[in-house]
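Feature list (source: Swiss-Prot):
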- 9, 10, 11, 12, 13, 14: FAD binding site (BINDING)
- 268-282: NAD(+) binding site (BINDING)
């Protein structure tokens, strides 16, 4: 059975990879252990968040699916950090996790060029260092020139609840043990990571009346630029708190916690610790927040965000019932920790293709990341690049100044990770340029060029770009004088008067200036769409800082654009230390800029490398 691209794993990375490949016209096969669980939210029933919302918007701008599906099945929408600057705001949605699965599965089953087979991949087939296909537990062999592995926590997965251990990729689902062995046989180095999840509670056993209520935004904002007429049904979340009794119950059972007994060897996520880890590390705190989140529109089960645990079941019940509002709580699904194998991501190119095996791509948690959004972003890029490679085209490699996706992948392949990696706005050097609301302007052109965004959507994006350019030119070039009429106009807008000529941009840049005021400032803005208005306001208010960051990038542009030829002989360069040569050979950076990001590569080494690349180009 022959295909062009095979995707192994039907989680968030696998969905984006298989959809991108199929939508780019490639005959694609998705192999997954359980078809009903395609798109399952293994942990929290939410998409987005700080920095993660940026990733979802970027996935959408490139023509990916996560944002569209979230808008269709979301049950609460909020913008986090709304009072702060636009660079650090993050969109987040609670999703109906059941409907999310059904939506994604139906979408995949109805996508042309895409087939699904419920099997367990056991062996990755290759010949002379090139991928040839995949073998499954049913002894079926599927041939393909490109294979994308998106196994999540299923790669040699091991679940822990107290002293009990269970080989599984998720509760009730088999793990993929043989695939780990196959990856090792291909010469890849594997490590071990750990994550966990919390108990799910029967809603009718929770006393919501004494919990703090947290509603969604009054005017919810859609994730996808392509979502129209957005008016979701929203449910509230709630906030509860642990207390000293809870903490004492947990402390007295540390000897039963796999995290502390040595039973768990994998390293867990630093920024999403289990409740027992929190109590151990932050013993001085008298309480911890718990966010009580509905799992579906029917709200029959609630997810206890902040209560991830692998303590024994009876201890989970005891510590849960010590929390106010949960005195009579009943657990529907217990919390657990899970260990799984991952591939050290420094063995990847920026295209997410492995360096050792041509045609083999990895995406998602197998690369050491944590989070649906990080997985989806990698899956999309792997699917795109596998399809481009089949057409003998250059891979799409997003720079750090272009996208959070670029930051994510560059961090993984140049620095690696020894713990589950999650995205933060602080990881992006140029975050003022990488805002959520301008993702479509940054990346929409790529999505359209790849055939993943249609002409109508692209024309809308270009219209916003045109409105932004013309709006900024008008505001920067138009002076407002302190005439009587202008002072009256400012007063009518509830704005401070001026005493000298200033550009309209200076007025719009004021913190108090809103889109409503801009529409009244000049007739050209009256009928502009909200997306264009948002762009104009943000660019005006942060014009100085945006300009500074663009200047920094411009100075580095020469270095960013200089490509390092594949199989470049670094050892032939005199003046490079053995340490520098070894690191360049190990990471194989595609550009000078990528080389400069590698720890231990000095500016002097970059200058020498630049000279030798130019010399080799002249010789060629």
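Glycine is treated like the rest: Cβ placed from N, Cα and C.
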### Query
Whole-number Å distance between the CA of residue 13 (FAD binding site) and the CA of residue 270 (NAD(+) binding site)?
22
### Summary
Fewest C-beta neighbours within 10 angstroms among the binding-site residues 13, 272 belongs to 272
### Query
Ranked by the number of other Cβ atoms within 10 Å of their own Cβ, which of the binding-site residues 12, 270, 278 ranks first?
12
### Neighbours of 9, 10, 11, 12, 13, 14 excl. site residues, C-beta within 8 Å of centre, FAD
7, 15, 16, 17, 32, 38, 39, 150, 151, 152, 364, 375, 379
### Query
For residue 282 (NAD(+) binding site), which residues of its chain lie six or more apart in sequence with Cβ-Cβ distance below 8 Å?
288
### Query
Cα of residue 9 (FAD binding site) to Cα of residue 272 (NAD(+) binding site): how many Å, rounded?
24
### Query
Out of 9, 10, 11, 14, 268, which of the binding-site residues is least crowded by other Cβ atoms within 10 Å?
268
### Task
Note down the number of other Cβ atoms within 10 Å of the Cβ of residue 276 (NAD(+) binding site), including every protein chain shown.
26
### Message
Under DSSP, is residue 278 (NAD(+) binding site) part of a helix or a strand, or is it coil?
### Response
helix
## Note on the structure
Between the C-alpha atoms of residue 280 (NAD(+) binding site) and residue 12 (FAD binding site), the distance in angstrom, to the nearest integer, is 32
### Message
Please report the Cα separation of residue 278 (NAD(+) binding site) and residue 12 (FAD binding site) in Å, rounded to an integer.
### Response
28
### Message
For each of 274, 280, count the other CB atoms within 10 A of its CB; which of these binding-site residues has the top count?
### Response
274
### Rounded inter-Cα distance in Å - residue 276 (NAD(+) binding site), residue 10 (FAD binding site)
31
### Query
In whole Å, how far is residue 14 (FAD binding site) from residue 272 (NAD(+) binding site) when you measure between their Cα atoms?
23
#### Entry: Length of the line joining the Cα atoms of residue 14 (FAD binding site) and residue 268 (NAD(+) binding site), in Å
23
### Message
Distance check, please: Cα of residue 270 (NAD(+) binding site) against Cα of residue 10 (FAD binding site), rounded to an integer number of angstrom.
### Response
26
### Query
Distance between residue 268 (NAD(+) binding site) and residue 11 (FAD binding site) at the Cα atoms, whole Å?
20
